[in-house]
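TrEMBL lists 2-279 with the feature domain 'Thymidylate synthase/dCMP hydroxymethylase'. What TrEMBL records for 21, 134, 135, 181, 182, 183, 184, 192, 222, 223, 224 is dUMP binding site. Per TrEMBL, the feature (6R)-5,10-methylene-5,6,7,8-tetrahydrofolate binding site maps to 52, 184, 278. Residues or ranges marked as active site, nucleophile by TrEMBL: 154.
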């Protein structure tokens, strides 16, 4: 994961200092791209600090389920959304709602009727039936719902590309490119990279593809001042070998995955590093 360290180093060396709504200043840059190899079942897992894979997987399953309440996460020991939940555990129409239940209205007669769009199902259907489509896109940035979200989406959209199989045969190749408007390099980005590399493999698995690459595009890419020491420690560490992912071969649909169907293997890392989240 040298790409992660290169991005962190770029922020430190080229970034500018800025205050923001959280009250914790950042060093930041704007507009980045990093590419990660997913061939041979590899995942983009940071190794210069220990990553809590359980939290990543449960958060992914939670979003796939269309859930917007932290109860499921808390029941599985995942606390990363607690700061934004209300007294009932609700977060508003965040990621899960937009992925699976995007609400819009269509004119009908003299009025309008509500339509609920399952964007994730649409992505899967296109990968199966029309993989050459250039519109295999999912967006969580629903402008009409933003005021009701306790935290607007940071990783706000992704697009999937399907490359034809080689002349020798095999499967079509899947690449997933995600856009993240706000990138917390120390706390958020390691989770996001692992999250989307696992999602890429899951989509490939159920649509007869091979996941080959994750492309991360960052908007405002920043390091909080209270994370700078930890990031500089990471930069001094040497990345370890890539971990791999094994998915239950019997799973055929995205909604059938459970935690036990997703296994990360061969992951080794340096010691954990901690830091406070800026809310």
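A Cβ is built for glycine as well, from the same backbone N, Cα and C atoms used for every other residue.
Structural mapping of features recorded in TrEMBL.
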residue	record	DSSP class
21	dUMP binding site	coil
52	(6R)-5,10-methylene-5,6,7,8-tetrahydrofolate binding site	coil
135	dUMP binding site	coil
154	active site, nucleophile	coil
182	dUMP binding site	strand
222	dUMP binding site	strand
278	(6R)-5,10-methylene-5,6,7,8-tetrahydrofolate binding site	coil
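Each residue contributes its Cα atom, and for residue 135 (dUMP binding site) and the residue listed as 'active site, nucleophile' these two points are 21 Å apart. In this view, residue 222 (dUMP binding site) is surrounded by 27 other Cβ atoms within 10 Å of its Cβ, with every protein chain counted. Put simply, residue 154 (active site, nucleophile) is 5 Å from residue 182 (dUMP binding site) when counted between their Cα atoms. Looking at the domain 'Thymidylate synthase/dCMP hydroxymethylase' (2-279) alone, the prediction's average pLDDT is 96. Cβ neighbours of residue 224 (dUMP binding site) (same chain, under 8 Å, six or more residues apart in sequence): 22, 24, 25, 26, 184, 186, 275, 278. Residue pair residue 154 (active site, nucleophile) / residue 222 (dUMP binding site) shows a Cα separation of 12 Å. Residue 52 ((6R)-5,10-methylene-5,6,7,8-tetrahydrofolate binding site) and residue 222 (dUMP binding site) have their C-alpha atoms 21 Å apart, to the nearest angstrom.
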